[in-house]
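J.: Here it is, the structure, as structure tokens.
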């Protein structure tokens, strides 16, 4: 408890624990670089002028560094510290400001508190939800670990909603069933009313304060430090004073979240800018399946704010301008609780066919007022408040205007189920030494072409923990940290300096808006080849316009203009890979719906018996992962593909789910 009290005192004083070395330009009395949970611990920081004489550069050494302090980053960081590793956590936000806090609906686990359940049924639903693009070994691992992960959170103090007999309350969520799709709707989503992400993030942060982790708060990670194909840490900018920090570590975990802000209308925080995805791209490593962008069915019309799927899990329904519960036509069994890609497309079709609501007929309604007010007050208190603030709607009396809104990135940094980052060489997966990824920044791939609601929070805690366990299996605390070249990170500092003094003709905000509107119009719920091709050309042209940016703040203390410009560079790399991957994929699968290629293209035609069919060659079908690379100088995108993993971790314990026609 002494460590916790020490941190509490530090935070109240708004200062950080001293390091051995202050940067050369640090003003007297300024807040120091970072705090540790143990206020007596000191870092091995050393001032260096090897890469810049204009910017204060400080070198640090740790066993491991985690980039990002959302759910996945915190779980990885304190898992490593718990195992005895000297761990740093670099985050551009205070941990409890991370976007995990915005998750509403819940976290899936087959606890069986509402009816009989089995993790294998959860496994089946997740594979089906992925439209058979998910890797079944990773899905096996996640769903089997789910019950223990939720119990662990409960033991950490997460205040789950309860049933009358005191068990964790579980609500219905989309795409989830019992008995391998034959037993009706499952109630598998554990929740804290409609504020589950908020509770999870604060629970994990509170738990992390038990351990001696060094937090670099409000530090912007610029790039990975790569040498000889290995990751040896990160280079970061201290936003507060402009100093540069090279954090050398034997193991680096990327947990920076998604890149929803590539789109104009999204539920993501403004800080969801794909920083880790872009860092990996600049390191010459591939990203995977970025064309699969999830549109959440129920974003508030006009504002884009998330209205949780839990509303429909509690009994809410979608209606069109005729008052019709239209999902019965598109998903006769699951209805409003079909998977998100199915519901989003159905809503879009209703609007296209003239059954939209409002003066412009450009949205539909989510009706909740038929539910008891007591149920809304207990199970959906946050939604009631959000609807009133952003839509002016009293949910007990009138429906909420909603529209599909960008919500989640299924793609990301390719990893195996242990969290190890992969590259694809000569048709084989190879682990990138020293580099791990988890959370929305990663692509394990447990979500495939479409994520099931409430599997994202599960993904965070399962794979954040997996990264820590994997590192503990292969390394020991205190192992020698590999060296880096004296000028490591020099290009990152040169880029920073170039942006700081950029004197072109385009504002960062203007270019960002052009990119967001282009992505919104060219890579939306429904996609078509000609529009995607036009989008590729436009995004590539906008990428070139990065050379013509103008920044206005030349300072180094809290230069948010500079930080937003760095974020725009990251967003552009994500946007390029997303739209080029979408244009190349000539099929419809999960969240990627092509109007000119409406069918899923598998190795067999699974609408018919496969006996007697000839298997399509790998080059002729699309049940495969996209790997994308970008030439950072030109913006040219290169694509290749790797097979989906169909085998589970133990076929005797959990059999592979063979592809089938997906319906709800």
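Just so it is clear, glycine is given a Cβ too, placed from its N, Cα and C backbone atoms.
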J.: Check Swiss-Prot for me: it has 296, 407, 451, 454 binding oxaloacetate, so pick out which one of 281, 308, 396 it puts in that same site.
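T.: According to Swiss-Prot, the candidate sharing the oxaloacetate site with 296, 407, 451, 454 is 308.
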J.: According to Swiss-Prot, 69, 72, 91, 92, 98, 100, 105, 275, 440, 456, 457 bind FAD; which of 221, 331, 387, 391 is also listed for that site?
T.: 221
J.: Tell me which residue from 34, 99, 370, 625 Swiss-Prot records as tele-8alpha-FAD histidine.
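T.: Going through 34, 99, 370, 625 one by one, Swiss-Prot annotates 99 as tele-8alpha-FAD histidine.
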J.: How many other Cβ atoms are found within 10 Å of the Cβ atom of residue 275 (FAD binding site), counting all protein chains shown?
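T.: Around the Cβ of residue 275 (FAD binding site), 27 other Cβ atoms lie within 10 Å.
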J.: Taking DSSP as the reference, which of helix, strand or coil describes residue 215 (phosphotyrosine)?
T.: strand
J.: Rounded to a whole angstrom, what is the C-alpha distance between residue 608 (N6-acetyllysine) and residue 182 (N6-acetyllysine)?
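T.: Per the Cα atoms, residue 608 (N6-acetyllysine) and residue 182 (N6-acetyllysine) stand 20 Å apart.
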J.: Going by DSSP, is residue 624 (N6-acetyllysine) part of a helix, a strand, or coil?
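T.: It is in a strand.
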J.: Of the recorded positions 167, 296, 456, 517, which sits closest to residue 598 (N6-acetyllysine) by Cα distance?
T.: 296
J.: Under 8 Å between C-beta atoms and at least six apart in sequence, can you list the same-chain neighbours of residue 335 (N6-succinyllysine), or say none if there are none?
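T.: The list for residue 335 (N6-succinyllysine) reads 317, 325, 327, 328, given in order along the sequence.
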J.: Among 275, 451, 454, these being the binding-site residues, pick the one whose CA is nearest to that of residue 633 (N6-acetyllysine).
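T.: Closest by Cα distance to residue 633 (N6-acetyllysine) among the binding-site residues 275, 451, 454: 275.
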J.: Determine, using Cα-Cα distances only, which of these recorded positions is closest to residue 69 (FAD binding site): 182, 296, 454.
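T.: The answer is 454.
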J.: What is the maximum Cα to Cα distance, in Å and rounded to a whole number, among the residues 296, 308, 407, 451, 454 annotated as binding oxaloacetate?
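T.: Output for oxaloacetate binders 296, 308, 407, 451, 454: max Cα distance 14 Å.
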